[in-house]
Amino acid sequence: METTMGFMDDNATNTSTSFLSVLNPHGAHATSFPFNFSYSDYDMPLDEDEDVTNSRTFFAAKIVIGMALVGIMLVCGIGNFIFIAALVRYKKLRNLTNLLIANLAISDFLVAIVCCPFEMDYYVVRQLSWEHGHVLCTSVNYLRTVSLYVSTNALLAIAIDRYLAIVHPLRPRMKCQTATGLIALVWTVSILIAIPSAYFTTETVLVIVKSQEKIFCGQIWPVDQQLYYKSYFLFIFGIEFVGPVVTMTLCYARISRELWFKAVPGFQTEQIRKRLRCRRKTVLVLMCILTAYVLCWAPFYGFTIVRDFFPTVFVKEKHYLTAFYIVECIAMSNSMINTLCFVTVKNDTVKYFKKIMLLHWKASYNGGKSSADLDLKTIGMPATEEVDCIRLK
């Protein structure tokens, strides 16, 4: 379940009227749910005599998001596990670029195995109702938000690393301690800036139609703190989308000029040409990942800005729910694209993982191989061209 946000006053007697609302047909207060990093599950026009969650449109949307969640659990769960296992097992894969990619893999893996099952229950099984308590509500939303920021910051770090390695090759590469500090910074920044989303996340029981209740799980900011919320959202929009996208675009534009439009001085040996091809392939993959990131998350942020800053656009919009799920699924699919690109395209982690399984199967079958024998075999495995490619020294 994505992080959501609404505004409610401290006395629960009235709420902001400048945002879309979910109205209690029995005369209770209206609760507004424009929210921060996702789309308000209840922020849709509801008929007093009809439960929207029982409509045909909602049923179709439920199938779509269910398929997306299953895809994330399978692709990100299995794919990132393979990448992490291969990285742990083989030292040959532990270069700076792969260590940065591992941050994406870990965050996406945690979301796939921890968050997605709860999201499946929330969106598909219980039709927008949370039944797992306040602690899990806060934890799942917080983990999902941190994962998004880790992915963004890691992609930015990878772009800067590629820029320094290719445009300024004579500068010394990042040392192990510096790389460790960079990885720690990626997680620390992501954890800290997501704290407000956890602080304001709570459960709220809503009466949707007649006596039917739905338990909303998401961010609810006090009505007198709307300005703080908008400022916080614009801050996040700037440092976690606009800033990284502009920086990565400039980095890859300069890298492209260096690799494709600048003549290499001197005689080009086959080794130099091979290295150039490898670098071009890696940069193309990274630029495709950047493009996918923009295409997936730009609708997400655009939808949120329209909903939170121009709420009248969605007033009485019958297809709001459909639009919500379309944008939701597009944003969620970005983690699958990253996994497919990094695991199946960028390197040979799948091949290495197969060799791990094969060696352990042979050891179990023969019964006489020690773990030391396996270590000698795996450490002595030759590096493939693709592994050499991703080193980019």
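For all residues, glycine too, the Cβ spot is worked out from N, Cα and C.
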Where Swiss-Prot annotates a disulfide for Cys137, which of Cys76, Cys176, Cys217, Cys251 is the other cysteine?
Cys217
Membrane_side_equal(Val140, Arg280) from Swiss-Prot:
no
Based on the annotations in Swiss-Prot, which residue of Asn14, Asn347 is described as N-linked glycosylation site?
Asn14
What's the most sparsely packed of the disulfide-bonded residues Cys137, Cys217, counting other C-beta atoms within 10 A?
Cys137
Could you tell me whether the transmembrane segment (147-167) and the transmembrane segment (233-253) have 3+ CB pairs under 8 A, leaving out pairs under 6 positions apart?
yes
Same chain only, please: residues at least 6 beyond the ends of the transmembrane segment (181-201) with a C-beta under 8 Å from a C-beta of the stretch. Say none if there are none.
3, 5, 36-37, 99-100, 103, 137-138, 141-142, 145-146, 149-150, 153-154, 157, 174, 217-221, 232, 236, 239-240
Within the same chain, where does the transmembrane segment (283-303) have neighbours whose Cβ lies under 8 angstroms from its own Cβ atoms, ignoring anything closer than 6 residues to its ends? I mean 6 or more beyond.
38-39, 152, 155, 158-159, 162, 166, 237, 241, 245, 248-249, 252, 255-256, 259, 323-324, 327-328, 330-331, 333-334, 337-338, 341-342, 345-346
